[in-house]
C-alpha cells in the first residue's frame, strides 16, 4: 500500500516504513513567545456579524488573511472573513513547532479536507490523497513551510498569456519584477545562525529578500549534521550551488528559506503573521466554521455582467444557510479546490457540468475547474546508520524537545533543467521537439484535453506552447529534495514541476459540503513519466558520490530490480503522488482561452467577484506555492486599494446568460503493470537517453 503518511507533507511517496509522521506524541510547555491572539471581539459568531461588509472574503487561508489584513488596514473599510475550518487555536502547540509537521501532523484530522482524486488510469488506477488545510491560515498552518520563489521566466510567461487581450496596466502587475517586489514587501528575512551556515555551507543574498514584512523567513536554527553532504554531493553530480535562488533564477542546489520566526523558532504563517499581530480592529471580523455555500447575485445586471449581492454560509450541511451582504466585492480565496467549487455551486462554470449537477446556470464559463495542474513526486530511499532528524526525535532526549531542534524541517533542495536531466543539449532538444510535435497533432491532443470546449482547448494549447517555447528550455523541470525526517533512512525525492498533463475539477452536487470531483489526469501526457524517470536515474547516481556515499547503505526503495527505462516509468506511475501544489483551476487568461479571471482578478461575467489565490496561476511553476501566493495576495490588495490609473479592467464577454456554449491498491512495487493506450503506448517506446531520445510519430 502507498503509505498514508504521504499526506504529512514530507513530499515523499514511498513505502510506509519511511515515515513516522503520526506518532502519538505531543509536547507540553510550549510557550506563547509573545504571539498575541486575535482579539475575541474580532472572532465573531453568526449572531454578532454585521448585516453587510465592504468586502466579504470567502476563505481564511493564506491569501484570504493577507487580504483581510491589508484591506482593513485603514480602520474604516469593513471586512468579513468566512473560514470553513476552525481557528486552530486548540492545536497551537503542534502548529507552532516546525519539526512537529512530520511527527504530529494535523493532516488526516478535522483540520484536513482530506480530498481524494478519482482513479487515475495512467497512474495504476490509483485513487490518491489530496490533503488541504481546513483551518484558519489554510494549508500554510499545516504544511512543510518551504518559501521557494519561482523562476522569472515562468512569471513573465504568465504575464504574456494575459497581456495580449487585457488591460495593460493590470496585466503588468503580473511580471517577475512586480511580483518580486510584492514577495519582498510581505517578508522579513533573517540570515542563518552561525552553526547552521557552518554545517551546511549554504549561500544566500540578503538583497533578494524583504526586511519589514509581516511574514518571517529564515533557515532552521539547527541543521542535522548529515545536511552537510547535500551541496558537495550535488556539486559532484554536476549541479552547482546557487549563490542566490531568490532573485529570479532558482536553478542549482541550495537550502530553502522557511516560513519560520527566528525570534522563537515558531511557524510563521498567514494567521500568526498577518492577523494575530494586529491591534484590535472593529472593522475586521473573522468567522470560523462558516463555509460559503454560494454567492448570491442581484436581480439587476450591469452592462451584461452579474453583480454579487453577498454570500450564504453555514457550518455544515445540516444547518440552514445564513446570508450576509457585500457593499463592494465578494472575494473568493478558497484555493485551487475551494474557489472553483464555490463558483460552480453558485452557477458559474461550464454549462455541461452545472446541468449534470442540477445547478441553475448563472454564467456559462467553461474554464472554471479546467487547466488543473499539479506537481508529482516520488523518490529513492537508502538505509543509514547516521543520525537523522527522525533518529534524534525518537531518542526522547531533552535536545529533541528543544525549540532549536524542532525548528528543523527538510530544506535542502535543488532545481534542475532539461539539459541536465537528458545528459546534454542534443538529447534534450529531441525531447522538446517531441513535445512540440504533440502540440501539432490534433489526434494526440484529443486524448490529452479533458474537455471538448473550444475555449479550454485553445487555453490548453496556449499553456502547452508557453511551456515548450519559454519555460521548459530555461527553467527547472524537476525539484530534487533531501529528506531526513525518518529514523534509519535517507530519502532523495524528485518532483515534476512543469506537468504536460492537465486535468479538471468538476462537481456532481449543488452542495459545497460534498467533495468536488478531482481528476488531475496524472501522466495523461507520457512526457511527465519520462521526465521523472530521468530524474530518478540521476538521483540513484548520487549515492555513488562523496560525501553522500559514505552516509548511505543499501537502496531500500525501489531497489536493484528497477533498472531499465521501462522499469523506472512503471515505478513512477505506481508510486508518484501529489507534492501538494495544485493550481490553475481559475486561470488568469483571456476568456476565449478558458480563462476564469482577467488581469484584475475579476471573474468574467461579473462586476465585483474576484478570485485571489493559487487557483489563478495559469501555469505550474518551479516552486512551492506559498511564496508566489503571498506575493500575489499582496499585489492584489494593492490593485484593489489603488487601481491603476491608466485604465479600469472590466470583466467583459462573460454575459449573464446561461445558454451559451476505489481504493489505493498499489503495493509500492516498481514493476506493476500499468494500462496505457493511444499516445501513451507510443511515448513509452522512447529509448534510453544514452542512445538518444527518439519520438515516434503520434
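Including glycine, each Cβ sits where the backbone N, Cα and C put it.
Here's what TrEMBL has on this protein:
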- 1-20: signal peptide (SIGNAL)
- 335-349: domain 'Glucose-methanol-choline oxidoreductase N-terminal' (DOMAIN)
- 581: active site, proton donor (ACT_SITE)
- 624: active site, proton acceptor (ACT_SITE)
- 642-667: region 'Disordered' (REGION)
- 645-667: compositional bias 'Low complexity' (COMPBIAS)
Quiz item: Taking residues 6+ outside the domain 'Glucose-methanol-choline oxidoreductase N-terminal' (335-349), which of them lie with a CB under 8 Å of any CB in it?
Solution: 58-59, 61, 63, 84, 113, 115, 130, 132, 138-139, 292-295, 297, 357, 359-366, 368-369, 372, 505-507, 509-512, 516, 518, 582-586, 596, 603, 605-606, 609, 611, 613-615, 658
Exercise. Could you put numbers on the helix, strand and coil content of the domain 'Glucose-methanol-choline oxidoreductase N-terminal' (335-349), residue by residue per DSSP?
Key: 11 helix, 2 strand, 2 coil
Quiz item: Cα-Cα separation of the residue listed as 'active site, proton donor' and the residue listed as 'active site, proton acceptor', in Å?
Solution: 7
Quiz item: What is the average pLDDT across the domain 'Glucose-methanol-choline oxidoreductase N-terminal' (335-349)?
Solution: 98
